[in-house]
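Record features, source Swiss-Prot:
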type: BINDING; residues: 39, 40, 159; note: heme binding site
type: TOPO_DOM; residues: 1-201; note: topological domain 'Mitochondrial intermembrane'
type: TOPO_DOM; residues: 222-243; note: topological domain 'Mitochondrial matrix'
type: TRANSMEM; residues: 202-221; note: transmembrane segment
């Protein structure tokens, strides 16, 4: 077959006592904005969600740089306004028909929950982004608008290789190699799919710790304190009324 299973990688947030790599998440946002945003939407993400790794002022300025649909004016005519924190991230296309027309009939998937929606999750996304350029197996026929990628189902994908070395410049100066950009945008998409990952993980540890304390306390009480009550016996002594 032409399909390959993505290799499992040591993502930090899968470790016991580590969370999301927030520097990587922020860099991944840069990759998304400059490479993937023109085609792929984030329909479940609002600008205020970016405050998880950006300042409120940065988020306000980012939202205001886009125009969104506003309520119609007194004449009923449509109008625009600068975006605000509570607005959904601006979508690249107005509707599905426009998206398909711009992509040779294919509908670019929304990336809001892509790591949850694809088998293999982050491993699949990273493998897909770095899987171009492999030798095409015999029997696989490609048109001029198709590419071979062993990690895509069927091996034939309509999306051209999205990443090339040094195609962007990171704000923090990190070298923008293909593996680096693939790793960063994958971390960003993992955050989009699971924005409360760290909070849920911390809550899980707190729950485990609380249950452990309750279990130890209950065991101690049962072993050393409740024995006093369990060893007591009630005896019925009838009252002697003759005295």
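Numbering starts at 1 and runs along the chain as displayed.
Note that Cβ sites are derived from N, Cα and C of the backbone, with glycine treated the same way.
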Go ahead and report the DSSP secondary structure tallies for the topological domain 'Mitochondrial matrix' (222-243): helix first, then strand, then coil. 9 helix, 0 strand, 13 coil
By a 10 A CB contact count over all chains shown, which of the binding-site residues listed here is most packed: 39, 159? 159
Per-residue pLDDT averaged over the topological domain 'Mitochondrial matrix' (222-243), given as an integer: 74
Suppose we draw a 10 Å sphere around the Cβ of residue 40 (heme binding site). How many other Cβ atoms does it contain, all chains included? 22
Given the heme site 39, 40, 159, its other Cβ neighbours within 8 Å of the Cβ centroid, in chain order, are 36, 38, 103, 108, 109, 162
Considering each pair of residues in 39, 40, 159, all listed as binding heme, report the largest CA to CA distance in Å, no decimals. 11
